[in-house]
Structures are given as structure tokens and as C-alpha cells.
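Residues or ranges marked as domain 'CBS 1' in Swiss-Prot (evidence: sequence analysis): 81-142. Annotation source Swiss-Prot lists domain 'CBS 2' at 146-203.
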Amino acid sequence: MLKSSKKEDSSSKKNQDNKLIFIVRQLFYLIKHLFSKTKTPDNFFGIIKRLKINSKKMSLDECNILANLLQLENKTVEDIMVPRSDIVAIKLTTNLAELSESIKIEVPHTRTLIYDGTLDNVVGFIHIKDLFKALATKQNSTLKRLIRKHIIAAPSMKLLDLLAKMRRERTHIAIVVDEYGGTDGLVTIEDLIEEIVGRIDDEHDQQLDSTNFKVINNSTIIANARIEVELLEEIIKEKIKNDDDEFDTIGGLVLTRVSSVPAIGTRIDISENIEIEVIDATPRSLKQVKIRLKNGLNRDSFNLT
């Protein structure tokens, strides 16, 4: 009996591995197809069909990837872009030595935008490894020489088209511009990949991102300031936003109650039941807030863990 059990476990593991290999292989085919010069709709949907046929044997994660792929065709740049208010960028005239110190302290990303004059005139981006290489070799270099090119995308551009364009242009960053040519936001290659495989955490990521929150207890929630107010309303079962209000996010809600970005530790009464405390912010934007509910959460509306 013991030998039979081991054999069954081995067979089960082998089948699971085969499923995973199939999914990964099809994903690679799909991505390769997106970048192919001879791609046809039949090839694209043929791969999707093969994935769907095997969906009954997929794990939850694999099914999520398939669902993301099916939804990707209808998503646009505007759906996933980092808004202008959250963009971290550096002036073209910045000294390299000063820039290295600034990046160590303030910039949590490996790629940083460079602008000339204003953020509406982005000239490219630098990779942190290029900067430190120039400093280590004591090259008489300027910031301008380290700049890598970016591409331009409209908010309405399809994500599949942007992914293909990034590959053709061999760049990892796209600047999103509005109808007047102003900078509206940015999208990175990591943003696109995350739309397919889910969130990718690295050493610079915080615990929370723009799509989630953390319930601390029955009366406390920690949330990213970019979470939409409608989601919070759904969770706490309380109306916060009026039809004529011009904000969409929790951060926007807070800013309508104060004249400027509040300092960390500031507490703001939103209603008789809701108090919001700022727990992370920069001089220009809110990052993270703590939401206190005096009446507590409705346990029937949210699964507390």
C-alpha cells in the first residue's frame, strides 16, 4: 500500500508539472506571436483556444493567467498607467554626483525619468546601473549621455499594441501624453507583464499597492491612497462620494478636506463613522492612509482574516 501511495503521488506531481510546462510554453508562444512580423488573428486565438481547452485541468493561478490574457485585448494604456502625480523624475541639469545621492535616498526604482524644464518635456530615462557604472569608472560623463530612449503612447492605445511597440523600439518605458502633448502618466514593461502573470514584487515594493488594502482589525484598514473610493464604499457599506464630487481615489477625498498635502500623522474626519490618518506621504502626494471605522466593519460584507 505504501508503494502504491508513493507511485500515485509521483504520478500526480508529474501530471501537475506537465500542466505547468504546457501553460508556460503556450504563454511563450503567445508572447512570441505578439512580436512576430507575420502574426495572424488565427494564430493568436488558436493559442488561446488550446489554453481554454485545458483550463479544466488548470490550477487557480493558471486560470487567473488565462483570464488575464483574455481580458488583455480590451485593456488600454489608461487602465494601468502610473498617473502624473505619482511620477518620480529628475531634471536634465542635475549633476551626476548629486543625482547618485538623490537616487539612494529618494528614488525607489531602477529606472528614472529625465525631463528638461518641466515634466511635459520628458527626454528619456536613465538606468541606475548606468549611473553607478559612470561614477565607478570616474568617466567625465553627463546625465545627457546616460539617457535611454522612451516611446510615446496615447491613453487609448491597446496594451497589446504597446507591448509590441516596446519590443520593436527596444525600450521598457512609455510616456502617456494627453491631446495637448502634456505628460499624463507612464507605463513600464513590468506593468504590462503584471497584467498577465499578476503582481511582481521586488526589493523596492511596499507591502501595499494601488489595487489592494489590508484589514488590521474590525475597525482599522490600511490602504494605498490611490484606491478608488467606490471600492471602500463597497467594503464598509457606507456612501462617501456624492455624484457631483470630482475625486475618485481616497487620496483625492482627503485633499478635498484640506488645503494641501497633509503631513504624516494628520487625522481627518470624513464622516461620523470614518477617520483617515496619513501614514505615508511626500510633499507632493499621499501614499498610504489608515482608515478608522468607529462603528466597525460589517462582517457579512467582508471576510476578515
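Note that Cβ sites are derived from N, Cα and C of the backbone, with glycine treated the same way.
The structure displayed is predicted, hence computed values, not measured ones.
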**Integer average pLDDT (0 to 100) for the domain 'CBS 1' (81-142)** = 80
**Message:** Per DSSP, what is the helix/strand/coil residue tally across the domain 'CBS 2' (146-203)?
**Reply:** 21 helix, 16 strand, 21 coil
